[in-house]
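Reviewing the structure listed below.
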Ligand SMILES: O=P(O)(O)OC[C@H]1O[C@H](O)[C@H](O)[C@@H](O)[C@@H]1O
């Protein structure tokens, strides 16, 4: 009879080169269904192979999907692409070294000590993940990275207050398209802050964007400090290993080539056949089996390591923007998706693990276990015994093992990714693992993982709101007295609720005057005095 060790060994995939294990022992996978579905999984791996070879996988946008080439340029179908990637590496290396060694100085002749990255979605989440995962914080103050990823005036004010003078700060404006509104706003806000501090914005500004984009043209016209490339064959949510993630990582002094090495090694592992031995295929199959191919169960990401706490936010975009699709590739309505959430263990045990164990069974867990307790620390505090012979790290690992067992006991599935430590190679490998799993799962459910038609609707509607606001402001009567939202809406032929929503925001911020905002039907609005 197979014992627990046999079971563990049967469902364990391990790669010595990476020292990474995928432990599917509690994943409730079964050999008969894997065997029955082997042809589908093998076909998905074939499709991934074609994508890596340059197939136009993003059919709607007529684009190749080349994030795999970012860590293995020689795989690119066109030598010009490989050359462009290599050139970007050289540029990153030279620029980061210049900043860190003090050859590239601020206009006051002093070194740059930090950067603000302005970007959103794929142009911010990857750099944030890397910064959190790889920055050793106890080695004294190093180069700092702050992120401006919204158009919230209060958030911008907080960031500016925290940063203080921008004299020693680089401003990285990151946008693949070069036309994202939030990012443009962030750039304009920082430009204004520079002007208030009598600093020249272009002297500290860097653009990371596709060649020829509006942002690229602006940066060229104004002679920004540097411009780094993005490419249309890299999706925003898979751009972390392009200059988008690599330049901030290099500025922070991270081992960015290690990131690439780890990702390339995971890609290598992810090409293994048969699918039963392939980590990404097995992970994708777990998603499929748990969610019955329709995302019926959520993926809860539980890394037992503070530095990985942004994994769930990063994976939310990678997974949900890739897989959350109304139509499949045949044009049928499928309403697909896979919800992702999580923060970190053991913190989450004191938040929602109660429901995971005892409540609604609509999830499966992805644990990330890091074997080494302290890593990348120049000075460790030494082991504090929190109980005789027990360290904080022992408790953390015990909580992981306990929670996993407690969930298994209730029939809740999990997989555990075991890392030796959180270094650049391991983080690169994790990123590549999930990228590949997304690609394979998308094949299984037949959706285009590489477009995001759904995000446009909200952006277009927001434009309509701003157009209405302009009309409302133009129609605003001078005081005293004023007009109600309904009267203004009638004059403009607009929806009175939409007009009220615009007016209450303007009035709350002193941009129009109002007698009282208590009653939407009687509030009288007039031009601000
Ligand atoms: O890099 P950008 O072009 O500014 O795009 C930033 C983000 O915005 C969009 O709305 C997309 O849905 C994301 O996939 C993208 O990462």
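Any Cβ shown, glycine's included, is placed from N, Cα and C.
So that you can see what the record holds, here are the features copied from TrEMBL:
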- 321: active site, proton donor (ACT_SITE)
- 350: active site (ACT_SITE)
- 459: active site (ACT_SITE)
Give the distance between the Cα atoms of residue 459 (active site) and residue 321 (active site, proton donor), rounded to the nearest whole Å.
15
Give me the count of other Cβ atoms within 10 A of the Cβ belonging to residue 321 (active site, proton donor).
22
Residues that sit under 8 angstroms from residue 350 (active site) by C-beta distance, when 6+ apart in the chain:
none
Other C-beta atoms that fall within 10 angstroms of the C-beta of residue 459 (active site):
10
